[in-house]
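The DNA-binding region feature in TrEMBL is assigned to 125-223. Under the heading domain 'Response regulatory', TrEMBL lists 3-117. Residues or ranges marked as domain 'OmpR/PhoB-type' in TrEMBL: 125-223. Taken from TrEMBL, the feature 4-aspartylphosphate covers 52.
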């Protein structure tokens, strides 16, 4: 049985989420604060992390950023009472894969969790390559020569989709489906924010591969001449 971690200080809500997941065969461990969750994620390899934005001992986004910086790329669903666009963008910038605003329907949350859980099962051992970069799905890593960078789950799916297209433009809807699965689960600007993160990561490994934008249509990978992207 798959297992997820729920980092939520409100016991009743955490219990409701846990029970909803159990009904579809997903076990859940509950943590009331960042301190407990930090210990928990070191002990177990969870399929998905469900993290509340506001926790007693800190900001859930800061916790997520620390996990990503430590190389933990476990799919993450953020819970928050904040519905402003800039709050959703902050969540995605911090490495969240999806974002749910309270109050929410349990059926929607369960569907989003199951979508996040399906991604690793779809990965193969084949390394995808384009120009001077290689993307390793199992390691969730993008490499250029001796340099490498870890990819969050949504970033990985988008890069694999773009590399498969081999320079052709991939429409926004196709990239969103690859990254998030559910059409109605995509947060506004989620794709643009994720592509922005990918461009930064490409720059960090000194590659000549860039992500180009055909406004209103989609994105593509492109190899450019001259010095590497920075």
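For all residues, glycine too, the Cβ spot is worked out from N, Cα and C.
Note on residue 52 (4-aspartylphosphate): other Cβ atoms within 10 Å of its Cβ, all shown chains, come to 24.
Regional average pLDDT for the DNA-binding region (125-223) in the model is 89. The domain 'Response regulatory' (3-117): residue composition by secondary structure is 53 helix, 29 strand, 33 coil, according to DSSP.
Break the domain 'OmpR/PhoB-type' (125-223) down by DSSP state and the numbers are 40 helix, 29 strand, 30 coil.
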